[in-house]
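Chemist: My questions all concern the structure below.
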Amino acid sequence: RHFVRTASSDAATAAAKKLLIKHVTIIGGGLMGAGIAQVAAASGHTVVLVDQSDEILKKSAKGIEESLKRVTKKNFLKMYFFGAEFIEKTLKNLTTSTDAASVVHSTDLVIEAIVENLEVKNELFKRLDKFAPEHTIFASNTSSLQITTMANATTRQDRFGGLHFFNPVPMMKLVEVIKTPMTSQKTFESLVDFSKAVGKSPVSCKDTPGFIVNRLLVPYMMEAVRLFERGDASKEDIDVAMKLGAGYPMGPFELLDYVGLDTSKYIIDGWHSLEPNNPLFAPSPLLNKLVEEKKLGKKTGEGFYKYK
């Protein structure tokens, strides 16, 4: 009995040390930032979504409301009243701002979801570090950049980690929680708890290029491009083979077009600069050519395939 009481007491003490995240500030009102804001607000968190202009934020808010309507249509079916109540409660939890410095003073967690540019991210974190309370955790939603470098731009390296959500955020269940060598156990556990609280399934990874999913996925897509470049198989047959042979919902070329060829090129170029001798990270002449021609995939109407 004494052992059980001691163990319970230790567990309670450890839990007490973790930060219960209630107030969340999300920087970046794009697709990812708006998606994270939606799931956080829907799970009862107080959320402030920040971007550079009211125009961008109005567009973000409209997108969130439309997404919530799709969610309620699917989850509440004929119980329209409960669906409307859910949307109303979620939107009450969400406000917007164009002044990040003024809203982080009362937040528990800052999630950055802006452009994939290390200098811009570092500058943002360096500035917000001066205004956020000591307890506030900083996290980046980057899919390919080094979390440690961003943490080093602040004075809170122990309260800094990665929270990599997947697109579309309301639908995708995975979150990669990234722990740098300086991230404290308390911070890591708080980020894991937050991920669960917003209805996601967290997995943990060290701060390695691409984390888990992209570290495996991007070289796979690049190898498909090399296979096509060599003339070993057509892109159509490669896509069919991976869908029917491996059970993938999309083939590598369909996925590249969906992700954006510019995004894929940016990731592989970054990794290649870090590890120039790693054959998995070798650039592709064909991918480079398509990006140069502004054929970036679905978003431009043409990539490896043409879209109407």
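In case you wondered, yes, glycine gets a Cβ from its N, Cα and C as well.
When I checked TrEMBL for this same protein, it listed these features:
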- 23-208: domain '3-hydroxyacyl-CoA dehydrogenase NAD binding' (DOMAIN)
- Gly28, Gly29, Gly30, Leu31, Met32, Gly33, Asp51, Glu116, Lys121, Ser143, Asn167, Lys299: NAD(+) binding site (BINDING)
- Ser67, Lys74, Ser143: CoA binding site (BINDING)
- His164: site 'Important for catalytic activity' (SITE)
- 210-307: domain '3-hydroxyacyl-CoA dehydrogenase C-terminal' (DOMAIN)
Chemist: Across the domain '3-hydroxyacyl-CoA dehydrogenase NAD binding' (23-208), what does the pLDDT come to on average, as a whole number?
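Modeler: Computed over the domain '3-hydroxyacyl-CoA dehydrogenase NAD binding' (23-208), the mean pLDDT is 95 on the 0 to 100 scale.
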Chemist: Using a 10 Å cut-off on Cβ-Cβ distances across all protein chains shown, tell me which of the binding-site residues (Ser143, Asn167) has the largest neighbour count.
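Modeler: Selected residue: Ser143.
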Chemist: I'd like to know which of these binding-site residues, Gly28, Gly30, is least surrounded, judged by other CB atoms within 10 A.
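Modeler: Selected from the binding-site residues Gly28, Gly30 on minimum Cβ neighbours within 10 Å: Gly30.
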Chemist: Cα-Cα, whole number of Å: Asp51 (NAD(+) binding site) versus His164 (site 'Important for catalytic activity')?
Modeler: 19
Chemist: Long-range neighbours only, meaning 6 or more apart in sequence with Cβ under 8 Å: which ones does Lys121 (NAD(+) binding site) have?
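Modeler: Set apart from Lys121 (NAD(+) binding site) by at least 6 residues yet with Cβ under 8 Å, we have Glu112, Ile114, Val115, Ser140, Thr142, Leu145, Met150, Ala153.
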Chemist: Measuring C-alpha to C-alpha, could you say which of the recorded positions Gly28, Gly30, Met32, His164, Asn167 are within 10 Å of Ser143 (CoA binding site)?
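Modeler: Cα within 10 Å of Ser143 (CoA binding site): His164.
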Chemist: Can you check which residues sit near Met32 (NAD(+) binding site), meaning Cβ under 8 Å from its Cβ, same chain, 6 or more apart in sequence, and list them in order?
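Modeler: The answer is Ala113, Asn141, Phe165, Asn167, Val169.
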Chemist: If you measure every Cα to Cα pair among Ser67, Lys74, Ser143, the residues listed for CoA, what is the largest value in Å?
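Modeler: Farthest-apart Cα atoms in Ser67, Lys74, Ser143 are separated by 29 Å.
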Chemist: Report, as a single number, how many Cβ atoms besides its own are within 10 Å of the Cβ of Ser67 (CoA binding site).
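Modeler: By my count, 19.
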Chemist: Give the sequence-ordered list of residues that share a chain with His164 (site 'Important for catalytic activity'), lie 6 or more positions from it, and have CB atoms under 8 Å from its CB.
Modeler: Asn141, Thr142, Ser143, Val175, Glu176, Ile178, Phe211, Val213
